[in-house]
């Protein structure tokens with residue numbers, strides 16, 4: 001009897017601990033929440049709810065390695081964890097955050113039919129299908145003419161996202177996130193007439209009563225969707241005005257991803273308009289809330305490179321390169337180029353080799369950077 005009481009006390013303490021950690025998470029007290037989730041995971045490495053939250057917080061604080069360590073602990077404590085939906089969801093987060101969308105899709109796919117984890121896994125799978133390379137769909141992106149191969153890939157990704165969305169329909173209430181995803185899929189549709197339809201829906205969702213309080217809590221997802229639609233319709237100034245609405249938005253973990261994408265899209269517009277100071281100000285906000293945002297470091301590097309501050313550019317591209325686990329060839333190319341400009345030739349060659357090892361046919365890097373760096377060393 002005493003043993004049974006002790007067992008229930010342990011369960012109750014664990015429930016209290018997770019409620020406390022969740023409360024801190026929801027109040028945006030990330031550092032304190034991380035401590036509580038870490039303590040929970042030390043006692044129970046397979047507590048996947050705590051693990052998923054912990055991984056996200058580690059990523060936002062620029063220390064995804066701590067999340068990876070906790071994932072390994074879960075597997076060591078239970079070698080059969082690979083069949084658990086919760087474990088696969090957490091693994092999918094790690095892969096997604098570190099620039100491996102295909103591996104993330106596979107992991108989320110193993111969780112998508114689970115009652116507890118399935119809905120979250122499906123949402124993430126849809127997001128990946130709509131933007132597998134985590135691109136900022138900005139001014140230049142919308143002016144780029146797709147090749148036949150790129151158009152086919154985009155259509156295939158759209159069809160996959162739509163298929164996953166229809167699975168979601170049977171499990172989800174008509175909540176705000178559901179409506180947002182429905183309209184982001186409309187934007188990705190090959191049928192261009194859907195852009196105006198999606199825009200109208202996003203504008204309806206982003207309506208406020210005009211007061212400062214309501215503007216501070218406007219749906220960041222709806223702002224993002226309407227701005228993307230406007231850019232697709234070549235209405236850059238309107239898109240910019242929409243995005244500026246979130247500059248005073250109250251930050252929360254719930255809205256964090258959409259807010260970050262809004263800020264990055266606004267930065268993209270500022271850079272295209274040569275407004276580097278405004279872009280830099282918003283970039284500082286992005287990195288304040290997410291130290292693992294490789295795109296923010298990449299934009300910082302680009303601004304420094306334009307100003308011919310090659311050492312500063314290299315430092316920012318290096319941060320972006322490390323955040324994406326040296327997996328993004330575009331960032332690798334830019335880092336190698338700026339190392340070359342700084343006469344850091346050995347590091348330049350090492351980065352070129354890292355890119356070519358993973359992407360042997362990556363264009364221009366051998367001829368334009370690697371061969372020149374080697375030639376300069378011989379001189």
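Note that Cβ sites are derived from N, Cα and C of the backbone, with glycine treated the same way.
According to TrEMBL, the domain 'Tetratricopeptide repeat protein 21A/21B fifth ARM repeats' annotation covers 17-130. For the domain 'Tetratricopeptide repeat protein 21A/21B fifth ARM repeats' (17-130), the DSSP-based tally of helix, strand and coil residues reads 91 helix, 0 strand, 23 coil.
As annotated by TrEMBL, domain 'Tetratricopeptide repeat protein 21A/21B C-terminal ARM' applies to 161-374.
For the repeat 'TPR' (14-47), same-chain residues at least 6 beyond its ends with a Cβ under 8 Å from one of its own Cβ atoms are 53-54, 57-58, 60-61, 70, 73-74, 76-78, 81, 84, 86-87, 251-254. What TrEMBL records for 14-47 is repeat 'TPR'.
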### Task
Let me know the model's mean pLDDT on the repeat 'TPR' (14-47).
86
